[in-house]
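A.B. asks: What TrEMBL lists as Mg(2+) 3 binding site is B:Asp30, B:Asp75, B:Asp211. The annotation Mg(2+) 4 binding site is assigned in TrEMBL to B:Asp30, B:Thr44, B:Asp75. Annotation source TrEMBL lists Mg(2+) 1 binding site at B:Thr45, B:Asp46, B:Asp123. As annotated by TrEMBL, Mg(2+) 2 binding site applies to B:Asp46, B:Asp75. Residues or ranges marked as substrate binding site by TrEMBL: B:Asp53, B:Glu263, B:Trp309. Under the heading ATP binding site, TrEMBL lists B:Gly122, B:Asp123, B:Arg148, B:Ser213. According to TrEMBL, the feature Mg(2+) 5 binding site maps to B:Asp214. Feature annotation from TrEMBL assigns domain 'PurM-like N-terminal' to B:28-138.
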Number of protein chains: 2
Amino acid sequence: MRVEELDETALLARVLPLMPTRALLGPGDDAALVAAPDGRVVATTDVLVELRDFRRDWSTGADVGWKAVAQNVADVAAMGATCTGLLLALGMPGDLEVAWVEDFARGVAQACAEFGAVVVGGDLSAASEIVVAVTALGDLAGAPPVLRSGARAGHVVAVAGTLGRSGAGLDLLQRGVLDGPADLLGAHRRPVPPVAAGPRARRAGASALMDVSDGLLRDAGRIAAASGVTLDLSTTSALGGWIADLLPAVGGRATELVLTGGEDHALLGCFPPDAGLPAPFAAVGVVRPAGPHPVLVDGRAWAGAGTGWDHFAQ
Amino acid sequence: MRVEELDETALLARVLPLMPTRALLGPGDDAALVAAPDGRVVATTDVLVELRDFRRDWSTGADVGWKAVAQNVADVAAMGATCTGLLLALGMPGDLEVAWVEDFARGVAQACAEFGAVVVGGDLSAASEIVVAVTALGDLAGAPPVLRSGARAGHVVAVAGTLGRSGAGLDLLQRGVLDGPADLLGAHRRPVPPVAAGPRARRAGASALMDVSDGLLRDAGRIAAASGVTLDLSTTSALGGWIADLLPAVGGRATELVLTGGEDHALLGCFPPDAGLPAPFAAVGVVRPAGPHPVLVDGRAWAGAGTGWDHFAQ
């Protein structure tokens with residue numbers, strides 16, 4: 001059965017029951033009502049577009065649903081907050097199979113279970129290609145958000161999660177390897193941001209925090225710019241371990257992928273030297289005073305291929 | 001200049017300054033932070049897709065930006081709430097003129113000024129067609145939300161705003177009349193939902209409230225279904241005045257357009273008989289016990305053309 005054979009009400013009746021929808025007031029009225037216990041709400045929105053951000057022959061509907069949730073809860077975690085609700089806007093062609101939409105909803109539900117999220121509202125619309133726009137809401141438990149602008153010289157640079165695996169998985173898919181190493185393909189199809197590490201970093205006194213979605217060098221550059229510092233990354237840190245892990249699958253591209261591959265949704269944080277790194281953060285470098293380059297790798301500007309993902313320039 | 005000639009950062013730098021972005025924390029970090037004074041937040045999301053919801057030869061970029069804001073603040077008002085923040089996700093083809101995006105941002109700003117809203121976050125993405133997904137947040141000032149489910153037999157049915165004008169404007173555009181009556185074309189291009197009437201209806205004790213986006217009959221049917229009642233509409237009420245207003249432009253289609261035309265974003269409310277209608281609500285009918293038809297027109301089931309807008313079935 002295709003989407004155009006159902007009206008919006010009938011399609012909603014099929015997919016809504018597949019997803020967790022607890023809220024003060026969930027889907028079904030003009031708007032939802034979500035608890036914001038401390039009198040503020042964290043809010044972020046992120047879009048996935050077919051053929052730009054996913055391919056239906058590389059990812060199932062459930063993979064796309066998972067990823068749409070994962071990348072948004074990662075942005076909430078990157079403020080030091082926990083997710084309190086998701087709004088899903090889904091545009092899709094009329095000839096899309098309803099089974100794909102149901103599979104998408106199941107992937108959303110699986111990610112909600114993994115990340116402790118619920119769907120509070122949404123919208124369905126016809127479109128030429130599949131477009132998924134997710135808004136995530138979050139709560140900071142009364143604490144200040146962790147911004148990108150608080151890093152200071154002498155602070156430790158650390159990462160929770162892993163880097164390069166999603167990019168390596170994408171690399172395999174682009175080379176036609178659809179059943180390669182499950183951990184790499186899985187990292188691309190279903191990234192698992194370490195969402196609990198966000199509030200933990202906040203409580204540990206993190207001075208800066210962000211979601212690594214566009215590649216470590218590009219996103220580290222954003223913290224450097226916002227904080228007015230240099231981030232000096234070391235490949236003899238945890239980065240070296242992730243590089244070594246990738247060598248069997250991607251050989252000489254391992255270093256580039258760890259430094260510039262996007263969509264792993266690790267958390268990149270900076271911590272005062274006396275803060276102590278909360279699990280699962282691992283040190284990857286140190287913050288230095290601002291210099292000619294916002295980001296250094298082993299003390300030098302990165303001269304390798306790639307600088308990270310940009311939606312329009314690539 | 002086309003969008004693909006800029007990277008995302010450069011495009012953001014052009015459009016963000018055009019829009020009001022006050023918030024506890026606005027665009028620029030992983031997420032925004034918005035005040036939710038009473039410890040809850042109203043949240044709704046709605047999508048506009050090129051060629052489905054607008055045409056670039058019928059509406060300017062500013063018109064589309066205005067409408068994207070208007071339809072979302074209308075959903076917030078329909079809960080009895082006021083808008084506290086908007087998140088805008090914009091997907092667009094690389095060959096789109098940057099000037100169109102800037103014009104879109106100006107229309108967003110104009111609507112924000114009209115409706116008292118601000119942009120707190122968003123996302124830009126490449127896509128095959130223009131897709132605008134807006135999430136609106138709102139505050140209820142400590143009061144319960146006005147749902148669709150509280151209408152009871154004997155309550156008055158009332159509308160704030162007008163009906164049929166947007167549909168009549170669309171009708172003109174579809175017949176090639178691009179410079180017809182400004183009020184009708186304007187109603188389609190730049191609907192003006194009576195957002196202040198939402199909180200006013202709540203304070204006046206409205207038993208049900210919703211945004212009329214898909215046509216009066218269809219949306220009245222939703223209140224009827226949620227409340228377990230019948231809404232009996234009268235064409236000798238304010239509806240008759242709106243029908244008469246449309247006669248010169250659309251002749252015999254006037255009644256159908258007032259009853260089934262979408263996108264005016266009027267507010268449809270039900271009020272206990274002793275509540276008194278707050279301005280600018282005008283009575284259009286009465287609530288009756290549930291019967292074989294959820295909505296009646298002058299005591300009978302509607303037998304005319306059209307039942308309202310559905311994204312997939314039309």
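Cβ coordinates are placed from backbone N, Cα and C, and glycine is handled just like the others.
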A.B. asks: Pull out the binding-site residues from the set B:Asp75, B:Gly122, B:Asp214, B:Glu263 whose C-alpha sits within 10 Å of the C-alpha of B:Thr45 (Mg(2+) 1 binding site).
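C.D. replies: Neighbours among binding-site residues, in sequence order: B:Asp75.
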A.B. asks: Summarise the domain 'PurM-like N-terminal' (B:28-138) as counts of helix, strand and coil residues per DSSP.
C.D. replies: 35 helix, 45 strand, 31 coil
A.B. asks: Out of B:Thr44, B:Asp53, B:Arg148, which of these binding-site residues is nearest B:Asp30 (Mg(2+) 3 binding site) by C-alpha distance?
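C.D. replies: Nearest in space to B:Asp30 (Mg(2+) 3 binding site), counting only the binding-site residues, is B:Thr44.
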A.B. asks: Which of the binding-site residues listed here (B:Asp75, B:Ser213, B:Asp214) have a Cα atom within 10 Å of the Cα of B:Thr44 (Mg(2+) 4 binding site)?
C.D. replies: B:Asp75
A.B. asks: Measure from the Cβ of B:Asp123 (Mg(2+) 1 binding site) and count the other Cβ atoms within 10 Å, all protein chains considered.
C.D. replies: 24
A.B. asks: I'd like to know which binding-site residues lie near chain A: of B:Asp30, B:Asp75, B:Asp123, B:Ser213, B:Glu263, which have a CB under 8 A from one of its CB atoms?
C.D. replies: B:Asp30, B:Asp75, B:Asp123
A.B. asks: At the Cα level, what's the spacing in Å between B:Asp53 (substrate binding site) and B:Asp46 (Mg(2+) 1 binding site), rounded?
C.D. replies: 11
A.B. asks: When you put B:Glu263 (substrate binding site) at the centre and draw a 10 Å sphere around its Cα, which of the binding-site residues B:Arg148, B:Asp211, B:Ser213, B:Asp214 have their Cα inside it?
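C.D. replies: Candidates kept after distance check: B:Asp211, B:Ser213, B:Asp214.
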A.B. asks: Rounded to the nearest angstrom, how far is the Cα of B:Arg148 (ATP binding site) from the Cα of B:Asp123 (Mg(2+) 1 binding site)?
C.D. replies: 32
A.B. asks: Using other CB atoms within 10 angstroms as the count, which residue among the binding-site residues B:Asp30, B:Asp46, B:Asp53, B:Asp75, B:Asp211 scores least?
C.D. replies: B:Asp53
A.B. asks: Should any of the binding-site residues B:Arg148, B:Ser213, B:Asp214 have a Cα within 10 Å of the Cα of B:Asp75 (Mg(2+) 3 binding site), which are they?
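C.D. replies: Taking B:Arg148, B:Ser213, B:Asp214 one by one, the ones whose Cα falls within 10 Å of B:Asp75 (Mg(2+) 3 binding site) are B:Ser213.
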A.B. asks: Report the same-chain neighbours of B:Arg148 (ATP binding site): residues 6+ apart in sequence with Cβ closer than 8 Å to its Cβ, ordered by sequence.
C.D. replies: B:Ala208, B:Leu209, B:Met210, B:Arg222, B:Ile223, B:Ala226, B:Ser227
